[in-house]
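Asks: Dropping the structure in here first, questions after.
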Amino acid sequence: MSILEILYYPDKRLRTIADPVVAVSDDTNQIINDMFDTMYFKKGIGLAATQVNIHQQIIVIDLYKKNKQRLVFINPSITKKTGIISIPESCLSIPQIYEIVPRSEKITIQSLDQYGNKFEMEANNLLAICIQHEVDHLFGKLFIDHLSPLKIKKIHKKIKKLSKTFKKNQFPL
């Protein structure tokens, strides 16, 4: 079990556009396992490699947080979006901040699995939201980027206030 260090907003590395994975290898699978370990340790439901300073197009998701439905997406591409759903979102890279973000209610995604096999799947509701959130990370986008400038300003103030209650290495600014 290896817990990776999470990058915290406003770390500029979160804005890095991830490179596609050229070939799925044992190293790729070690990254995936470490990402799941990190996500479970931090009590998240999704994690993009960018959030742990690995700039490859890899996403892990488990909505149940208990190793029950481990999903891996390598080089994901959302090919279809329908409907709109808005629920509060949060992020392991922006702890304790929750904001309502409009997302597509249903999506179709094409990807590689952890073995390098191509697949396509449909997702809706929470899974669709989580996939969209994590895919955004791969392109340097955060959930707060979907908010108004006024809300972002309020979040910055809240983060500064929260950062005083965290140790510097847990939530650096």
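Note that the numbers count up from 1, one per residue, in the order the chain is shown.
The backbone N, Cα and C atoms fix where each Cβ goes, glycine too.
Sharing the features that Swiss-Prot gives for it:
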ACT_SITE  Glu134  active site
BINDING   Cys91, His133, His137  Fe cation binding site
Asks: Between His133, His137, which of the binding-site residues has its C-beta surrounded by the fewest other C-beta atoms within 10 Å?
Replies: His133
Asks: Expressed to the nearest Å, what is the distance separating Glu134 (active site) and Cys91 (Fe cation binding site) at their Cα atoms?
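Replies: Spelling it out, the Cα of Glu134 (active site) and the Cα of Cys91 (Fe cation binding site) are 9 Å apart.
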Asks: Cβ within 8 angstroms of the Cβ centroid of Cys91, His133, His137: which residues besides those meet this for the Fe cation site?
Replies: Gly46, Ala48, Gln51, Glu89, Leu92, Ser93, Glu134, Asp136, Leu142, Phe143
Asks: According to DSSP, does Cys91 (Fe cation binding site) fall in a helix, a strand, or coil?
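Replies: Note: Cys91 (Fe cation binding site) is in a strand by DSSP.
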